[in-house]
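Peer 1: Sharing a structure below in structure tokens format, with a few things to ask.
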Amino acid sequence: MYYSNKMSKVITGKQYSWSELAKHNTENDCWVAVDGKVYDITRWVPLHPGGKEVLLLAAGRDVTNLFESYHPMSDKPTSILKNYEIGYISSYEHPKFVQKSDFYKTLKERVRKHFKATDQDPQMAVSIFSRLALVYLLVFVTYYLAHYTSNNFYLNCFLAIVYALCNSLFSMHMMHDSCHAAISHYPGVWKWMGASFDFVTGASFLSWCHQHVIGHHIYTNVRNADPDLGQGEVDFRIVTPFQTRSWYHKYQHIYAPLLYGIYTLKYRTQDWEAFVKDGKNGAIRVSVATNFDKAAYVIGKLSFVFFRFILPLRYHSFTDLICYFLIAEFVFGWYLTINFQVSHVAEDLKFFATPERPDEPSQINEDWAILQLKTTQDYGHGSLLCTFFSGSLNHQVVHHLFPSIAQDFYPQLVPIVKEVCKEHNITYHIKPNFTEAIMSHINYLYKMGNDPDYVKKPLASKDD
């Protein structure tokens, strides 16, 4: 028996700690926690319409907000889940959101009505597959052009940049949609598209899913939970009040954006740490990899080495090839990183900090959906070029609230979100264009590195 903070009343039943829950994280022993209750969904794994991979990603965790945000169009999943209830969760691995407002409920109802009224499927449209076909075509054509069509050094340097940009588009369109299961209703589609990400980039799709879906999307800008924030007390940049400021942070607004170009080093090595070394991606535990995941990981690494080094060596000298490779990797890393950073690390956005991994993590006295509005900004609405070249990350607010809806529909949903925000007196952060979004990011880095009062501002709270 224990007291529920949410209901302020005594609840009886079998209790499980988060560490006990974490042990049940395989296909044959799959538990999850949702809204304080624990469910043994092992029998549901092979029956899940969204495929077993999504459930195995969630296995052994509290997935309350993941469950809510991935089932916005129907209440049926909630009724099905009740059949598998076995007890209650008594402790939490990461901070939990203890507030529930009417904001998200109202918003989901409006979005449902929109899709019903317009007779659209949020995961199926001709535009989805034509867009993905285009980015596949671009990445393979530019790969060929950059590696096998010219011996001119300067032309090849230019082609390396073009290939890197197309590689970024491939990641922000195909990989991003796949990791959120936002493409079609057939799990095999995003499963194999995810595997193609390993093949093309040499980075692990499964590792990215843990960092992005399980970590960043649920604990956006929550330090020691969101893997996208620096976890160490000493880091190359300071973006949260709990980090230690060093002398070099005074210049972080200059050097940090440049260092984003080496993000691909982390991109392609963190999966080794996650799968082999310590089984974690930042603060996020990595689920047990299936045989398919292991095969994709190994084949992806081998194909990356073969197609980026071994095969092109027949056409270029080693030194020239390394030069082209470094140029492409820098542009690829910078373009990906800056697109994600401007959406969350910027002026006027909130950061939530927690103590250093206590046995019972802090509660966040905030509604999860409202936190997404406080930690996220959009930019460049109305620009088709901005939308395409950002993979619709310029509509980041809608994406965080409805990650399982394909990005093609984001512009349609913006007016709905803005309307509900206005009704609930919630600020919708948006910049007019990409340039101003970048400047907001750089200004934030400058203030965190130079203004003592700025870094000492109180942490975000319910009343902010």
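Just so you know, glycine gets a Cβ as well, placed from its N, Cα and C.
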Peer 1: Would you please say which range out of 20-25, 68-73, 212-217, 224-229 has the annotation motif 'Histidine box-2' in Swiss-Prot?
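Peer 2: Matching range for motif 'Histidine box-2': 212-217.
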Peer 1: Swiss-Prot lists motif 'Histidine box-3' for one of the ranges 96-100, 346-350, 396-400, 411-415; which is that range?
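Peer 2: So the range that Swiss-Prot calls motif 'Histidine box-3' is 396-400.
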Peer 1: Just to be sure I understand, if DSSP states are collapsed into helix, strand and coil, how many residues of the motif 'Histidine box-2' (212-217) fall in each?
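Peer 2: Going by DSSP assignments, the motif 'Histidine box-2' (212-217) contains 5 helix, 0 strand, 1 coil.
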Peer 1: What three-state secondary structure does DSSP assign to HIS71 (heme binding site)?
Peer 2: coil
Peer 1: Starting from the Cβ of HIS71 (heme binding site), draw a 10 Å sphere and report how many other Cβ atoms land inside it.
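Peer 2: A 10 Å sphere around the Cβ of HIS71 (heme binding site) contains 17 other Cβ atoms.
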Peer 1: Taking the Cβ of HIS48 (heme binding site) as the centre, how many other Cβ atoms fall within a 10 Å radius?
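Peer 2: For HIS48 (heme binding site), the count of other Cβ atoms within 10 Å is 17.
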